[in-house]
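Peer 1: One structure follows; several queries about it will come next.
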Amino acid sequence: MRKRGDVIVKLSRFFSSELKQQADRWVFIYEKGYQSTDTAVSSVFTKMKGVGYTNVNGSERVWDVADYVFPPQGDSSFVVMTNYIITEGQKMGKCPELKGKQNCNSDADCEGGSFKRTGHGQMTGVCVKNTTTCEVLAWCPVEDDHNIPDPPLLMSAENYTLFIKNSVTFPLFGVTRSNLVEGIDADYISSCLHDPKKAPLCPIFRLGDIVKLSGFSFETIARVGGAIGIVVDWTCNLDVDVKHCKPQYNFHGLYGNPAETDKARASVGYNFRYAKHYMEDKIQKRTLMKVFGIRFDIIVQSLARKFDIIPTLTAIGSGVGIFGVATVVCDLVLLYLLPKREFYKNMKFKYTDTQTQQDSESLGLDTSVYYTLEANARQAQGTDQSNDPDSEAGSTETEASKK
């Protein structure tokens with residue numbers, strides 16, 4: 001029985017030690033508790049290259065970077081036009097509204113001077129009979145965007161290239177890095193194209209590859225537009241040579257779930273409008289463009305680590321504290337949850353008679369000696385009682401001998 005109790009106590013100590021080791025392993029290895037951390041201050045520059053061609057109703061046009069990139073400054077967030085609806089020759093005047101916008105049967109249905117949120121202008125109070133829509137004061141003719149070109153007019157955007165230039169600085173460690181790392185020079189940039197396996201550090205990306213790596217079909221997203229996030233990840237261990245601090249590129253579709261159909265969503269794609277104003281015969285006119293495009297958001301994530309004695313000592317101290325907690329937890333499990341908790345409790349704790357301990361201390365005797373003397377006294381008392389004729393035992397024996 002004592003041997004089994006020793007085994008249980010040893011198991012308790014083993015589990016306590018194992019929990020402590022696992023906690024230390026988590027803090028030091030997985031969480032790298034021996035290193036201090038810092039995030040970077042970063043800047044991003046972008047540059048697009050490529051030429052597009054369209055032929056709409058016999059009207060040929062070539063589109064260059066100045067035509068299809070918005071804004072043109074090379075920011076970390078920009079839009080590349082992939083499809084459009086153009087309304088040319090608009091001028092300020094009165095014209096009928098589109099079907100479905102402000103339908104009417106009489107002038108009473110068109111309240112003069114009022115606006116409709118989805119309309120194109122201010123109602124004049126006149127119902128146009130041939131269109132059964134209200135007349136509006138607006139840029140005429142009004143835009144008709146019901147039919148989106150399919151396939152997209154600028155499918156050539158799939159072959160455009162994007163150049164990303166990114167620099168990061170970790171101020172705590174005084175380290176500055178650029179995504180143009182060692183081995184990437186002008187000759188390499190002029191011929192490389194990013195590939196996750198073959199050329200993971202090349203900073204030039206083909207738009208079709210970006211869309212594909214984000215999980216979308218280029219034709220689908222080019223028709224109505226969308227959004228893609230390009231994540232530049234700088235996770236660096238500065239305890240080794242700084243040249244190993246290199247970026248990793250990841251691509252995420254922010255447009256929605258690629259498995260969903262367009263009909264399953266309330267609002268599809270990404271678009272905006274802009275106008276080019278000009279004067280013709282002293283009349284102000286404009287060309288309105290409804291642009292469908294892919295919005296690219298370049299996001300820089302960074303985390304640098306380096307050995308520091310302060311977090312190391314802090315991790316060690318927390319490990320010691322966790323060791324104490326592990327011991328308490330093991331004791332709670334063994335004392336209150338296990339089926340044989342009473343046996344473990346008897347093996348862990350030693351119970352003593354408080355009165356006996358006080359008597360032994362008052363006589364100046366060791367507890368074991370006191371127990372021996374007390375046992376001998378009780379044995380002698382039992383012998384005397386059996387020989388006493390007045391005792392209960394003696395009387396019983398006398399009566400039995402008489403019979």
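Note that Cβ sites are derived from N, Cα and C of the backbone, with glycine treated the same way.
Automatic prediction, not curation, is the source of TrEMBL annotations.
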Peer 1: What is the disulfide partner of Cys95 among Cys140, Cys192, Cys202, as given in TrEMBL?
Peer 2: Cys140
Peer 1: Just give me the nearest neighbour of Cys95 (disulfide bond) among the recorded positions Met48, Cys104, Cys127, Arg273, Cα to Cα.
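Peer 2: It is Cys127, whose Cα lies nearest.
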Peer 1: If we count other C-beta atoms within 10 Å, could you say which of the disulfide-bonded residues Cys104, Cys127, Cys140, Cys236 has the fewest?
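Peer 2: Across Cys104, Cys127, Cys140, Cys236, these disulfide-bonded residues, the one with fewest Cβ atoms within 10 Å is Cys140.
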Peer 1: List, in sequence order, the same-chain residues at least six positions removed whose CB sits under 8 Å from that of Met48 (ATP binding site)?
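Peer 2: Within the chain, Met48 (ATP binding site) has Cβ neighbours under 8 Å at Val65, Tyr68, Val69, Phe78, Val80, Tyr160, Thr161, Leu162, Phe163.
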Peer 1: By CA-CA distance, flag whichever of Lys47, Cys134, Asn159, Cys192, Asn271 among the recorded positions is nearest to Cys245 (disulfide bond).
Peer 2: Cys192
